[in-house]
Amino acid sequence: MSKNIESHLSEDREFKPSKEFSKQARVSSMAQYKRMHKESVERPDLFWAREARELHWDKKWGKVLEWKAPYAKWFVGGRTNVCVNCVDRHVTEGRGNKAAIIWEGEPGDKRTLTYKQLQREVCRFANVLESNGVKSKDRVLIYMPMVVEATVAMLACARIGAVHSIVFGGFSAESIKDRLDDSEAKVVITADGGWRRGGVVDLKANIDEALKKDKSVEKVIVLKRTENKVKMTKGRDVWWHEETAKVAATHKAKSFDSEHPLFILYTSGSTGKPKGILHTTGGYMVNTYATCKYIFDMKDDDVYWCTADVGWITGHSYITYGPMLNGVTQVMYEGAPNYPDFSRFWQIVEEYSVTIFYTAPTAIRAFIKAGDELVDKHDLSSLRLLGTVGEPINPEAWMWYYNKIGGGRCPIVDTWWQTETGAIMISPLPGCTPIKPGTATQPFFGIDAAILDEEGNECKANEGGRLVIRKPWPGMLRTIYKDKKRYRDTYWSDYPGMYTAGDGARRDRKGNFWIVGRLDDVLNVSGHRLGTAEVESALVSHDAVAEAAVVGRPHEIKGQAVCAFVTLKSGIEGTDELLKEVRNHVGKVIGAIAKPDDVYFTPVLPKTRSGKIMRRLLKELVATGKVTGNTTTLEDANVVKSLQKQVAKK
Ligand code: WT7
């Protein structure tokens, strides 16, 4: 962490957008940004109402904001339909024949859907959901590959007021089960499989496993994608293609209250149980719309590509909702970035003349490692704007992205935000903000971000502290599903009336925010959030494991790697075989992304005399191979020595 801060402090490279870019952008100078930002923070009602009026409302709102901390209502009393705004509006306004989604499957199959065609698909599927008993506010669990139908399913839910809850396709049956228990979904939408690195991910089998003891799910709708053999349970499972064949391609959408729930997305926190982040209709819609417009500079002739999966918030806000609200043409790709090799992304950029490209630092680092030849083969001159998200980007990766992918001509928007914030919070505006490798720069309109010390005072320039948001914003989470107390405790209890992000950061003299990373027990592995407590509880659920402590260590590609210290039950020997088994067990319980990179068996864990595991010490140990901090509170000082030897052997 300290190394990071040092490198950031000495970062003096700065890049400005070209005159041509600035001229065509919506915000062209820092003076204009500052003026607009000031107004938007002082008078959020004016700024956000202006943005909201660009979308379709069946009934106009009364007050823009009602704020009784920590509960916000945006566009109070307004009624709208997000799906109509994403789809039908473009058909009515003459963009019906414009490509909405250009999709490419991993095996190379292709499909393009215009907004008009998308409207038919969405209407059909809305009818299917209704004919299968889904009503407004019912929860629908979506567990799908990156296919057009995933977006169709989301939009169809929004159209009928049902609340989708997507579970990333890489998560295990047990993870699905936990989320089902909490959301009590009535219907599940899945597929017979999805393609990943040449193989088929058996999604349906995971759903079957997760549903073994479930009581809430009445129907499972299964998309045929791979011809993978699946077991269909009579009376419960139906085929997507058979259901859609039975219904009309038109559907009359109703309007919903601005605070109608739109979706729940589970994310990791500092306890073992994922939190169901609840987002609602009007505010989320306006916020994702506006951030796409200003930050991604979306224009009518752009071809936009966000490489995320719809299973994460990035896929919600910056594949399904934001871009569709802007009526842009976007590319969607099913598979892995390295299939058949690491040139796949660049081949896609070239083939579809992608103009705006949004990806994660972990992917960029993997591309660097794979070698420049894979990039050099391709013509990337269509690109005009690049984005990153998910974790702090190291300056080397930033420079490579800027020069090698962007040809030195594309601004990079390093976008800081979270599942909870719903939309981008801190980011350059590409037409005006001077950019530097490693900083997400300045807060977006309406965002009052600050860095505070423990007492709640604002930190001085370049002093590290906690990142907070001092005022509500439209896309903010409204609560943790079924857990108001956890909502208050997690986000609103550090400083009265302010949102704590859980990230450490500092601000330089020019007001740029440099995000350092999580302050809580949450890891960021390849841009994915993972609770150490979650991994620990997965580990101890293995028969041989007595106790476990999990920490992150810096990793060249993934950002952070998962390190597990494990004590075994008495009489059990820590063989290599068991080590493998324990790793795979975590993969089975949570999903492949959670598999520990390193597992250390140890007879005891370093604990304080009161019995608390000293994770701080383990963290230092795996990062540096040494322990320099205070160990006098340790119950058994010899533990450290023996662990040090083990780590050194790796
Ligand atoms: C955490 C949120 C937002 C979509 C992807 C992750 C880290 C996110 C950045 C960035 C530095 C970043 C933070 C944050 N993070 N973007 N541009 N620079 N750190 O969403 O899973 O909710 O994770 O990701 O630590 O708290 P998420």
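Using the three backbone atoms N, Cα and C, a Cβ is placed for every residue, glycine included.
In TrEMBL, annotation is done automatically, which means it is predicted and not curated.
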Among R486, R488, R518, find me the residue TrEMBL lists at the same ATP site as G390, E391, P392, D414, T415, W416, W417, Q418, T419, D503, R529.
R518
Local backbone state of T314 (CoA binding site), from DSSP in three classes:
helix
List the Cα distance (Å, whole number) between R518 (ATP binding site) and N338 (CoA binding site).
28
Of all the binding-site residues given, namely P392, W417, T419, H542, V545, which is spatially nearest to S526 (CoA binding site) at the Cα level?
P392
What is the number of other Cβ atoms found within 10 Å of the Cβ of V545 (Mg(2+) binding site)?
21
Within 10 angstroms of the C-beta of T415 (ATP binding site), what count of other C-beta atoms is obtained when all protein chains are considered?
24
Quick one: of T314, N338, T419, S526, which of the binding-site residues has the smallest count of other CB atoms within 10 A?
N338
In the same chain, which residues outside the set V540, H542, V545 have their CB within 8 A of the centroid of the CB atoms that define the Mg(2+) site?
A538, L539, S541, D543, A544, A546, A548, V566, V582, H585
Taking the binding-site residues one at a time (R196, R197, R518, H542), which has its Cβ surrounded by the most other Cβ atoms within 10 Å?
H542
